[in-house]
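Copied from TrEMBL, the annotated features are:
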type     : residues : note
TRANSMEM : 30-51    : transmembrane segment
DOMAIN   : 105-241  : domain 'Peptidase S54 rhomboid'
TRANSMEM : 114-135  : transmembrane segment
TRANSMEM : 169-188  : transmembrane segment
TRANSMEM : 200-218  : transmembrane segment
TRANSMEM : 224-242  : transmembrane segment
TRANSMEM : 272-294  : transmembrane segment
Amino acid sequence: MGKSSPSDIESRTDNARAPQSFYPPMSKPWFPWLMPTFVIVNVAAFVYTMYINNCPATTGRHRCVFPSLGRFSFQPLSQNPLFGPSTKTLELMGGLEWILVVKEGEGWRLISCIWLHAGVIHLLTNMISLLFIGIRLEQEFGFLKVGLVYVISGFGGSLLSSLTLRSSISVGASGALFGMLGAMLSELITNWTIYANKCAALLTLMFIIILNLAMGFLPHVDNSAHIGGFLSGFFLGFILLIRPQFGWVNKKHIPPGYDLPYTKPKHKCYQYLLWIMAFSILICGYVTGLARLYGVEPLKH
């Protein structure tokens with residue numbers, strides 16, 4: 001049993017102090033405030049729309065639904081089965097109508113219509129979906145990215161709706177909501193390597209998307225806005241919701257003096273490729289849609 005030399009003791013001390021493993025800190029979820037704010041804005045817009053509608057004064061108190069509500073009472077169910085205002089009021093408040101957008105130059109209706117709803121049933125359905133889908137996305141990706149997905153997808157839904165429905169008015173946040181569903185699908189695809197139960201997550205999301213798209217074929221539902229919003233959100237997900245690949249570590253999280261044996265690049269090659277393709281398709285789609293909407297002839301070389 002010999003004594004250890006000072007050099008052996010120092011060597012053991014250094015090894016004991018050296019970090020044996022390194023785990024980067026978990027990212028904290030964002031506080032979701034934007035999606036609840038959007039819900040408040042949509043509800044406030046509907047209340048104001050009902051105030052402007054004033055069914056007793058325009059239609060007759062005896063014909064209104066729930067006349068005890070006064071000017072907030074609903075139009076007759078024969079006019080609006082969703083318990084809401086008249087078509088004229090929705091048009092006045094900024095509903096999407098092709099002739100007003102193109103002939104009257106009121107392009108702002110492509111955005112304003114996504115904050116309006118045709119009735120209480122329409123409003124409740126969209127707002128409940130917005131809270132369930134939007135809050136989860138905002139917690140993971142932050143208010144800026146999710147807010148952009150919401151607004152740009154809503155615009156894409158309005159654009160396709162105005163191209164296909166030229167004889168009716170369209171309102172609602174459905175295009176924006178379908179955009180977030182599309183973004184969830186593309187986020188799953190582009191961030192495939194970080195998911196544990198990949199197939200289960202994909203099948204569940206596809207079931208939800210198909211179910212919601214099928215509901216768009218019911219009467220008086222604008223499915224073109226759903227499709228336009230979904231496609232917009234799908235391509236936006238590749239652009240805005242891209243995550244670092246599994247195993248990548250930010251250099252600011254590496255302790256001083258600790259050298260990783262190798263450092264993975266932040267993103268995989270296929271993520272960059274999907275980003276470029278999605279950005280190109282999205283820009284081309286919007287430019288083509290706006291050109292068709294306003295009747296711009298393609299350039300002839």
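The chain as shown is numbered from 1 upward.
Heads up, the Cβ atoms here are built off N, Cα and C, so glycines get one too.
Mean model confidence for the domain 'Peptidase S54 rhomboid' (105-241) is a pLDDT of 87. Across 114-135, 169-188, 224-242, the stretch most heavily in contact with the transmembrane segment (272-294), judged by Cβ pairs under 8 Å, is 224-242.
Counting residue by residue with DSSP, the domain 'Peptidase S54 rhomboid' (105-241) contains 107 helix, 1 strand, 29 coil. When Cβ-Cβ distances below 8 Å are used as the criterion, the transmembrane segment (114-135) is approached by residues 32, 34-36, 38-39, 41-43, 45-46, 49, 74, 80-85, 90, 93-95, 146, 150-151, 154-155, 157-158, 171-177, 180-181, 184 of the same chain, each at least six residues removed from its ends.
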